[in-house]
Amino acid sequence: MKLSVIGCGYLGAVHAAAMASLGHEVVGIDIDADRIAMLAAGRAPFFEPGLPELLSEGLASGRLAFSTDVRDARGAAVHFLAVGTPQQADGHAADLSHVDSAIDMLLPVLSAGDVVAGKSTVPVGTAERLAPIVASTGASLVWNPEFLREGWAVKDTISPDRIVVGVAGSDGAPAADGTRAADILRDVYAASLAGGAPYIVTDFATSELVKVAANAFLATKISFINAMAEIAEVTGADVTTLADAIGHDVRIGRRFLGAGIGFGGGCLPKDIRAFAARAEELGRGESVGFLREVDEINMRRRDRAVYLVKAGLGGSVYGKRVTVLGAAFKPHSDDVRDSPALDVAAQLHGLGAIVTVTDPAAIDNARRVSPQLTYVADRDEALRGADAVVLVTEWDEYRRGLSPEHLATLTEGRVIIDGRNGLDPAAWRAAGFEYHGMGRP
Ligand code: UGA
């Protein structure tokens, strides 16, 4: 099928390349000429395992193209909308200006029978508002939220664990053009569906809520275990053993019970805030009032890591050399948006520490956001002479690839703060290090 993808950021670039790999003919459109030039040359504008290969294959096959001219989207059966919905500059709600301008840009190229499939994360009610605008061209709108994780984006797009499609309708029944549009999307995703992924056709509101509910649940799970970490800290309990033990209950499950410096990135933080803001608008703020607590617990964990560095250095970090292992919001990513790791580094710098940050992928992005910090790409070089070391992004080269014996040959001090509970405390203590974890004795 011929497809277009409007917006070639994280979501759109991966979606375009993945759809081409499934055999579709895809054009990715973006107003950012530099980004389009990179993609058209087969280079990924961000770190995402597997994406460069997919881009090269797609471009070589002739099925994948990129353009800044929306007219190149003409003739596509489905136009995916994959633009960003960041947090508004002056509040917690989502900024929908990119979605609105993408729709405006797309209208002149739409033909009767086309499907516009919104993938962006939007406040509930957005699709209902946009549907008549799209319908004025004879095209149909569906909402098809995306659940990909950065670092696993290619796999998650090609083999999703579910596909959700919200269609127009009334009183719980889809309209005729909604059913037709859902059938067209089913064809687009036929290869993924053959792998057994459930295909859930629902109304607009449910599809929009599925997305934010999923992210709200994940954020709540992380903050739940971080709340337990706070209690562990005043009782001498070990939150990692607690998480293992409750995680054996299949109703709870161990995943996303990793206590540490908390969640960040371009999705979870802004999505829970936008959800709470939308619930307020709907007069149901109290229903998701707990998301404020989720957010606050999350932010407190960054302060806890900073406190542990201070404690490890005798009460003050002023003038002390601190090496921060990690800048990305999580491993396998170069994304530093709302990164707890970078925030901890910046806080330490603000307290007068001499901070050196290293990261296998995120240094360039981190430097743009926090130019006041010193960045050293080579891990061992970054560690040399440190009084204290803080692990904040659990890349393998820090978690598994760094032994206490080796670190001892590099650092001045013997203090390690494990902001992700990724290290074995017994091994580090046995090697003479003062080890501080998050919610661990
Ligand atoms: C998240 C969701 O997991 C995706 O399903 C969703 O599609 C995506 O947002 C989105 O809305 O686009 P992502 O932002 O890539 O994906 O990151 P996650 O893997 O969810 O991790 C989020 C943060 O939680 C990271 O900072 C990570 O370090 C932290 N985390 C994760 C913990 O602190 N503890 C855990 O146990 C797990």
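For all residues, glycine too, the Cβ spot is worked out from N, Cα and C.
Nobody curates TrEMBL annotations by hand; they come from automatic prediction.
Neighbour density for Cys267 (active site, nucleophile): within 10 A of its CB lie 25 other CB atoms from the protein chains shown. What TrEMBL records for Cys267 is active site, nucleophile.
Among the features that TrEMBL reports, NAD(+) binding site is placed at Asp30, Arg35, Thr85, Thr121, Glu150, Lys270, Arg337. A simple way to gauge crowding: the CB of Arg35 (NAD(+) binding site) has 19 other CB atoms within 10 angstroms, across all the protein chains here.
The feature substrate binding site is assigned by TrEMBL to Phe147, Leu148, Arg149, Glu150, Lys211, Phe256, Leu257, Gly258, Ala259, Gly260, Gly264, Lys330. DSSP classifies Glu150 (NAD(+) binding site) as coil under the three-state reduction. Neighbour count (other Cβ atoms within 10 Å of the Cβ, all protein chains): 25 for Glu150 (NAD(+) binding site).
Among the features that TrEMBL reports, domain 'UDP-glucose/GDP-mannose dehydrogenase C-terminal' is placed at 323-425.
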Max Cα-Cα distance in Å among Asp30, Arg35, Thr85, Thr121, Glu150, Lys270, Arg337, the residues listed as binding NAD(+)?
24
Recorded positions Thr85, Phe147, Cys267: those with Cβ under 6 Å from an atom of ligand 1 are Phe147, Cys267
Would you pick out, from the binding-site residues Leu257, Ala259, the residue whose Cβ has the largest number of other Cβ atoms within 10 Å?
Ala259
Between Asp30 (NAD(+) binding site) and Arg149 (substrate binding site), what is the CA-CA distance rounded to a whole number of Å?
22
